[in-house]
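Trainee: As listed in TrEMBL for this protein:
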TRANSMEM  20-50  transmembrane segment
TRANSMEM  62-82  transmembrane segment
TRANSMEM  97-115  transmembrane segment
TRANSMEM  122-141  transmembrane segment
TRANSMEM  161-184  transmembrane segment
TRANSMEM  196-215  transmembrane segment
DOMAIN    207-367  domain 'O-antigen ligase-related'
TRANSMEM  221-242  transmembrane segment
TRANSMEM  249-270  transmembrane segment
TRANSMEM  350-369  transmembrane segment
TRANSMEM  390-409  transmembrane segment
TRANSMEM  415-435  transmembrane segment
């Protein structure tokens, strides 16, 4: 029987979506060109499936909210320009806010949902891309430089490298052990034990390598975020998941992550790291007492001035902000007036930066709708027969992002924005799948 045009179109559209997501995952670390191409392909995929998207939109609160936030940011960028405040315009500001505050999440969440790509496949592609980026960097380094991590900042800075390393650590620690145990349980015997040992060595190597990336980055925000994440997941597993039949899979994953945190805390107490940690504690005490003169210059002092300036700007325009294209000029104006040291283009805090640009309501809405998507992803993977390790991963990465965003911003980074698009897109896709299955079960109950 001849294949109809509609079937060809459906296959081509499906392939377009798979290609867009695969390019984003592979390019998230090594290639800005692959990321840019994936954006265009994902937009084409949305246009090609627009009727289905519009039919899916009702009764999907998080998706509706992200669409509203994205459209609102676009309207603010169009009509609330820097000219209103007699400031020079940052032409890239509107695009940075749009892609970060919902557009990319919608594009890739929809593509993953429609194509049905699995989280494991996407994360493996992202891990391969990260290994490519590391191999390219390591090719020009000595062994001493590799072990110290002193030149890994070529991967777009220590903060971003720490975020990539932490994401790889969460994926390998929370998904790896339970995947190995599930594969072993399928087939016991000599072959089963061989697979168990091989899988354990592979997963252990991935956990060790990603933990080293996280530590070698020197990013204190990534360090703190993972420690808080490990504590939260350990508590959640102890209270809820441990009673489930999947505890034999979930337990090793949580234990692996908690052990990494314990070893790291122990490492902080030795050598150079001990002195650095003591200096940081002194700086935080000076900051809490608003003792600007005693606090040494460095990242703490810079962030303190940035936070004070951002809070003042938000208090002046809390509802609509100053406009996406006015944020960087506002920082430059503060530098010219002597209130901050020069050389910064963001407020080192995602929430403050977005609130300055688009106002508190849109920033809080963006945060709430993303939280709803991650909650749905966790609930979807906690349903019987699903993957509890993936539920832990989404819960863990959500906590990690909330914490690390208090001290960092990847709004202006191509790779940082792509990482958020990939993770939030995965969460949105699982959220949509969860609602679809819930609606299906409800319809069956009514029919019965």
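Cβ atoms here come from the backbone N, Cα and C positions, even for glycine.
TrEMBL: automatically predicted annotations, no manual curation.
On this model, are these features tucked inside or out on the surface, and what's nearby?
Mentor: Long-range contacts of the transmembrane segment (350-369) within its own chain (CB-CB distance under 8 A, at least 6 residues past either end) are made by residues 61-62, 65-66, 68-69, 72-73, 76, 93, 97, 100-102, 306-307, 310-311, 313-314, 317-324, 326-327, 330, 405-406, 408-411.
Residues 21, 24-25, 27-29, 32, 35, 38, 56, 59-60, 62-63, 66, 96, 99-100, 104-113, 119, 122, 126, 156, 160, 163-164, 167, 370, 372-377, 379-381, 383, 390, 394, 397-398, 401 of the same chain, all 6+ positions outside the transmembrane segment (415-435), place their C-beta atoms under 8 angstroms from a C-beta of that stretch.
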Trainee: I need to check the long-range neighbours of the transmembrane segment (97-115): which residues 6 or more away from its ends have a CB within less than 8 Å of a CB in the stretch?
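Mentor: Same-chain contacts beyond the flanks: 14, 17-18, 20-21, 24, 39, 42-43, 45-46, 49, 52-53, 63, 66-67, 69-70, 73-74, 77, 122, 324, 354, 357-358, 362, 366, 369-370, 373, 410-411, 417-418, 420-422, 424-429, 431-433.
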